[in-house]
Amino acid sequence: MNRNLKNVLVISFGFLLLFTAYGGLQSLQSSLHAEEGLGVASLSVLYAALILSSMFLPPILIKKLGCKWTMAGSMCCYIAFSLGNFYASWYTLIPTSVILGLGGAPLWSAKCTYLTIAGNAYAEKAGKKGKDIINQYFGVFFLIFQSSGIWGNLISSLIFSQASNKVEISEENLACCGAYDCMTDTTNTTGSAEPSNSLIYTLLGIYTASGVLAVLLIVIFLDQIKSDQAETEKEILETPSFWSTFLATFQHLKDKRQCLLIPLTMYSGFEQGFLSGDYTKTYVTCALGIHYVGYAMICFSAVNSLCSLLFGRISQFTGRKLLFALATVTNTACIIALLLWKPHPKQLAVFFIFPALWGLSDAIWQTQTNGLYGILFEKHKEAAFANYRLWESFGFVIAFGYSTKLQVYIKLYILLSVLVLSMVTYGVVEYLEAKSSPGTPTATKKENVGPLTQETHM
């Protein structure tokens, strides 16, 4: 096997193991640690730490440690979060959330840098175009990585379904589920009784072991970047100083198109935050039980992966405007339906229709928004994507931050309002582009778009 391909597979399976654990834990936070909103508070803190990490840490760590050891060290931050869940409290979960947030950005940046260097090195030896090989490497990576959402949630559902203390849900308790929730700890009053400690520890043990295996895979099997690739490495890692990186991010806001795209970028964080923080708790856990959360999120992950692949291919034929319109209509229909629907265990299929439609919409928001940034700001991609990560992370922080303070129907109205505002400002961006440059080229340099798509999913 080609050595570079071997390294791509090592990274891909390392991320698969790591995010099998993290993806499953993120889906369960609001249901597993509902007391005083600890679960969603930890996610809010996590994304706040990610904002700071994205701005400053990646270039510094990669330059000091190299890609391999940056990835290994950052993966240990994810393991710390798994360990913090064993004895979940404000004194364990919040600090480990900060640690994970700080490790998130260096992990993804080191992965992108490593695959780019490896792709360019192989292309030079094989006499091929660098961007073609890099696209192939990222294609292999995301093919393997995307399934992590399925395995992590499948493990949690299979383990929690072993619980022997399931209880019958009364109609009175079901009235507290859905958009007009009773603002109480629905995890303990409805659905099934909280899983036993032994089941929770079993799940966390599996997740922690998965993270440890990921680190061992990287440390033992991943090759260091060779010295004969120093020129390529220098070119990729040569970054501005600490403060100039920070300033460049905000100086990019002088571009009115960037300012107009802020609502759309934040909406991406809002809608993902609602699904993983509110839908899983007040609809699925409340009416069906915590053991169904994993199955619902599997549905979301599977549809999201398939649609990301599909829309990535057909966007050149349909154009981004049509796809954005499809996502808007789909999300709007879901929000209105969630406002009207009273969840009931007898309507089992409906619980999976919503995450499936949400996955379809999210696939468009992720692929097309990243693509839009890559096209509009081709000359300032670094600052543009720093803004993308910054504003989407703000969306997550706000969504998780008010999660325990507001009733679900208010959150749905906020979501709908931000969506409408996003489409208005996005429409202005398209108008300005059409007016200033009628011959704007279609998606270019996709290699710069692909690797960033999943950064936002931590």
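Cβ from N, Cα, C; glycine included.
What you are looking at is a predicted structure, and each value in this text was computed from that prediction instead of being measured.
The following features are taken from TrEMBL:
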| type | residues | note |
| --- | --- | --- |
| REGION | 437-458 | region 'Disordered' |
| TRANSMEM | 39-57 | transmembrane segment |
| TRANSMEM | 69-88 | transmembrane segment |
| TRANSMEM | 94-117 | transmembrane segment |
| TRANSMEM | 137-160 | transmembrane segment |
| TRANSMEM | 199-222 | transmembrane segment |
| TRANSMEM | 289-311 | transmembrane segment |
| TRANSMEM | 323-341 | transmembrane segment |
| TRANSMEM | 347-365 | transmembrane segment |
| TRANSMEM | 386-404 | transmembrane segment |
| TRANSMEM | 410-429 | transmembrane segment |
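If you look at the transmembrane segment (39-57) against the transmembrane segment (94-117), you find at least three C-beta pairs under 8 angstroms, all six or more positions apart, and that counts as contact. Contact between the transmembrane segment (323-341) and the transmembrane segment (410-429) is supported by 3 or more Cβ pairs under 8 Å, counting only residues 6 or more apart in sequence. Between the transmembrane segment (199-222) and the transmembrane segment (289-311) there are fewer than 3 Cβ pairs closer than 8 Å, counting only pairs 6 or more residues apart in sequence, which means the two stretches are not in contact.
Counting Cβ pairs closer than 8 Å to the transmembrane segment (347-365), the top stretch among 69-88, 137-160, 289-311, 386-404, 410-429 is 289-311. 94-117 is the stretch from 94-117, 289-311, 410-429 with the greatest number of Cβ pairs below 8 Å to the transmembrane segment (69-88).
Panel annotation: around the transmembrane segment (410-429), residues 179, 257, 260-264, 266-267, 270-271, 274, 278, 324, 328, 331-332, 335-336, 338-339, 376, 399, 402-403 of the same chain, lying at least six beyond its termini, place a Cβ under 8 Å from a Cβ of the stretch.
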